[in-house]
């Protein structure tokens, strides 16, 4: 083992400087809305947001009062029946969806199936020869699998075609053709943190005659989004990452106003019926957002998820974005400065316009290095191949924590403090 | 208002007699596993099972320890990732499904879509001309709507045909034809409480060349079921009624062993992938039960649901059935004896072989009468048209409560103590 050169002591950035920035942070007080274990630096809020203050009390109320005492009557008296729309309204406020456009229900994958089915049905009426679904090769794989499942079920020439991220950023100069019915895009690449521009990309897709569904799993709650203004057709996303809904909390689906009453989906359970308690054998879809629903939702998970949405409803998303970029600039600068002697590559785009709310770096021993960091209570995660992922969540992560993280990385790399035999276990769930 | 005749005082049944039966009830101690409000007689456990003892503590553990402290690591360390299979194993024990056959995930409606899609795909390979799905006209409407949604999406002549309950009980003498690919049946009619025989009905359907999916929403946890022995193909059901999983707790899906590796479903999210953390863009289904999964589940709702399954794993389902029939016999006898002067009709079949775990009665003022009962703390529910529904759940309902319920009904009917202007609000969720 060679001893690395000592790090320059003339670095422009110091820990004291980071502490100063934290002291001046206008979002500082939001940290009290989260309960994080003492001594942990949690950089995995892009995978599972931490516990919200009040979650335990909310669960107690639901179990003791609503379920325990209210019993079946709580569907009305505690408004369980209205939770999907109530939480949807809060999501809409966070992602610029407009009133009456969004519901919280089911999982992201299920909601993608509904949205893609509805979009393809509209295209089958308007442009029946369009039967290709484009999506990023690097989209979160579940989205690709769901689209493949849908295309296979539809048969009749429907198929999924994969495009590279660069093609999307360039506005589809070569892949968009008159075969393309639908484009499904992740707003932020889960692995690299690359951000795509919803407005210009949507315009390029519409100019090519296709519809677009945006997956906001890695951007909702992380940066300002103006869904309505972007002209997008539909969007889906989860509530358990940047929105702190709790493990596996239900997902959301948004549909542009002009499409809402053309929206028709095959998962047409009774929650989407115009008159669910008529118990009529024939299906009639509800007007508006209830038609995106299917069946009965887990009330406990849904109720606790509301707390995370309430926090994000109180915050100015422009401030969140500003601090997020400051944190990731700092992270990247420190990697450049202090890990320069190591085979570390910053995977996340350096341009602000192309960067989400995370920094991913690549190292040949990525898995073992991340394991060593986690041993020290600094929790990021690992994604194949060789990528260490650090989520930067401005409401509870500060500049000093970024400093301490890169310093810990430096110590581990300088002194080769990782176990090369570290056993790869099943990865953490994104 | 006329004064009704006084009730006969020579009745064979007395409250004291009911109290004696409760004292001798071998299931008596199970009542301590549930937390019911003082003074309430809860006869709606067929719609939403009441709070389980320990639910609040379990939710605290999940929120404080698993989510709060364990954070992202709890997907492995708290085995969140394994909950669908772990809870599925417990369901399998309760419904005779055999090991490795069942998962708990999503909603009943979503699971029906998966099962029906998979069954139709198998039939398309084996008997491509079969394109009709039969289901009961009186099946819970969401099942019908989901099948209609699937048939519409498949197109190509797929359609849903409705049959009467009598036709099912008679073994499909006129409706089964060589067009029928799949029959989807509720095991117990949610409204009338009529029970169908899984074994003989499955045989009749298989003899006709079709496959069968059973909906066990109103029977799982209520009576002994031997899915494997019945020869059934697939089954679905919920955990929040007789299984006390909590409001909207996740549903289950069971597939017969011989069909498991032919099972292919369009909702093919990453939880069903053979190697979900490879993040490969191409879909390969897992072997076995994981291929019934789609996306990330609400861990809080799922974790609390386990408590209800644990209670039912400890109980002898034959004793449950024996007491259930004794309770419903008592209910029906008392209606016959003590409500004879009123226009009340017992809708639930009187034959044990055709009776689930509820008693439904019809009265022209059904809604107003049920409202009056609920005012007294006796909670059943109402279903169109005119039906008062009383769920009989042997683990926490006794003979004396049945007596008190019918006496309250008698008082209300004898003295016309209902509000004819009672406003019909949205019904309770089944």
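Cβ coordinates are placed from backbone N, Cα and C, and glycine is handled just like the others.
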Check: TrEMBL has B:108, B:109, B:140, B:141, B:142, B:143, B:186, B:215, B:218, B:240, B:270 binding pyridoxal 5'-phosphate. Which one of B:169, B:200, B:296 is in the same site?
Finding: B:296
Checklist line | Cβ-based proximity (under 8 Å) of the recorded positions B:142, B:186, B:241 to chain A, or none | finding: B:142
Next item on the list: Tell me the Cβ contacts of residue B:142 (pyridoxal 5'-phosphate binding site) under 8 Å, same chain only and six or more apart in sequence, or just say none.
Entry: B:108, B:109
Item checked: Distance in Å spanning the most remote Cα pair of B:108, B:109, B:140, B:141, B:142, B:143, B:186, B:215, B:218, B:240, B:270, B:296, given for pyridoxal 5'-phosphate -> 30
Next item on the list: Take the Cβ of residue B:218 (pyridoxal 5'-phosphate binding site) and count every other Cβ within 10 Å, whichever protein chain it belongs to.
Entry: 28
Next item on the list: Could you check which of these binding-site residues, B:140, B:186, B:218, B:270, sit within 10 Å of residue B:241 (N6-(pyridoxal phosphate)lysine), going Cα to Cα?
Entry: B:218
Item checked: Secondary structure at residue B:186 (pyridoxal 5'-phosphate binding site), reduced by DSSP to three states -> strand
Note to self: I want to verify one value. Collapsing DSSP to three states, which class is residue B:218 (pyridoxal 5'-phosphate binding site)?
What the structure shows: coil
